[in-house]
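Student: One structure, pasted below without further comment.
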């Protein structure tokens, strides 16, 4: 009886969520902070920003491909030990990036960072399901993944400011320190449970879910949403420099506005999803994103830097809100169509999102090198526009059988 009571009490605690959220915060900070630092890195490494965009592409592409494969490969490993080792590897990879003197050292570090991040997050979510009682599981998962939200709102602007003030290498050193703190917390405070009783979906099972038309359409929406926003976001620093005449500190300030907007968007998207349903929120978010990218094209081609600065800041704020209000609503849509294999469908959304980030950053690099910053918004409009068309079609396909009866 005492053992059962102690297990139940442990399952009521949300402490594991806060502990593991330290890891998601470190991962989110590293993943987003590199974008506003690309111009400074380019000057230091004597490389154009369009070429350095490959550091974003390789991270997102590696994560998209390796996350499901590594999760399957290490599916029988003690979960606490796996999270500790993964976060330790993440810290080590940040130290490699800090010490690197050339492009290929940083490139290799970003590959290692992506592999560690792609293994940590899904396993932390899976372990959370085993540690917390069902009635508190939703709150626990929100706390765990809230580390990413805090990284966007706080870690991103702080990383940008620190990088501009002390040098871009110091930001990797800072994230390494965050990761080490997370390792210590995981070792000292995370309850021991092997988690091997949790079944890991095979590659065949994942492909079977992707082949379901309703699920594939929703995953395609996520892919093109990610493609559209990252084709512009990856190169936001040169855009702000050339269109608005901003230096490093000004770019950091505008990036902070985007981060705050993103945090508001995540909360707003979840709230409106509960009030209105997922599909209206998805459609409204994508429409707003299209309008934002159209405005960025207009500012670049028509306005002078003095005229563009204020409307650009406003547009960036709405961009952050629109892009991240979309995400919780779209995940809710995916959950609706993914029954009864919701965990697999949601895990696939991460791969499709990061694959979209990778393709978007690669396309943005081509646009930037062959056209200019004024053309980046075009790729954003196309990506979000295709996502909107697919989302509208998917919604119509679901309503069609009902209207026919």
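Any Cβ shown, glycine's included, is placed from N, Cα and C.
Pasting the feature list from TrEMBL:
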DOMAIN    16-402  domain 'Major facilitator superfamily (MFS) profile'
TRANSMEM  15-35  transmembrane segment
TRANSMEM  55-75  transmembrane segment
TRANSMEM  82-99  transmembrane segment
TRANSMEM  111-133  transmembrane segment
TRANSMEM  140-160  transmembrane segment
TRANSMEM  166-188  transmembrane segment
TRANSMEM  219-238  transmembrane segment
TRANSMEM  250-269  transmembrane segment
TRANSMEM  281-302  transmembrane segment
TRANSMEM  308-329  transmembrane segment
TRANSMEM  341-364  transmembrane segment
TRANSMEM  376-396  transmembrane segment
Student: Answer with yes or no whether the transmembrane segment (219-238) touches the transmembrane segment (341-364) by the criterion of at least three Cβ pairs under 8 A, sequence separation 6 or more.
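Tutor: Between the transmembrane segment (219-238) and the transmembrane segment (341-364), which are separate recorded stretches, there is contact, as judged by 3 or more close Cβ pairs.
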Student: Please check if the transmembrane segment (166-188) comes into contact with the transmembrane segment (82-99), where contact means 3 or more CB pairs closer than 8 Å and the residues in each pair are separated by 6 or more positions.
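Tutor: Yes, since the transmembrane segment (166-188) and the transmembrane segment (82-99) share at least 3 Cβ pairs closer than 8 Å, they count as touching.
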Student: Counting only residues 6 or more past its boundaries, what in the same chain has a CB within less than 8 Å of a CB in the transmembrane segment (376-396)?
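Tutor: Same-chain residues near the transmembrane segment (376-396) but 6 or more away: 214, 217-218, 220-229, 231-232, 235, 239, 279, 282-283, 286-287, 289-290, 292-297, 300, 356, 360, 363-364, 367-368.
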Student: Tell me, roughly as an integer, the mean pLDDT over the domain 'Major facilitator superfamily (MFS) profile' (16-402).
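Tutor: Computed over the domain 'Major facilitator superfamily (MFS) profile' (16-402), the mean pLDDT is 88 on the 0 to 100 scale.
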